[in-house]
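Over in TrEMBL, the protein carries these features:
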type	residues	note
BINDING	23, 35, 37, 40	Mg(2+) binding site
């Protein structure tokens with residue numbers, strides 16, 4: 001896979017915070033670099049449903 005941090009320059013300055021949700025955030029996982037990047041708020045999730053619930057709780061969405 002590609003380094004997901006390559007997208008960050010396109011997002012920086014456009015948002016107060018950049019949240020990243022990934023399932024392979026452990027060292028060696030394909031989400032690890034962007035998860036640990038100081039420009040993001042990283043969230044480790046197991047599946048799409050957990051991602052959906054976390055987004056709802058973080059951003060008070062229905």
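Every residue gets a Cβ built from N, Cα and C, even glycine.
Caution: TrEMBL annotation is automatic and unverified by curators.
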Tell me the Cβ contacts of residue 23 (Mg(2+) binding site) under 8 Å, same chain only and six or more apart in sequence, or just say none. 29, 31, 44, 45, 46, 47
Distant-in-sequence Cβ neighbours of residue 40 (Mg(2+) binding site), under 8 Å, six or more positions away: 8, 18, 19, 20, 34
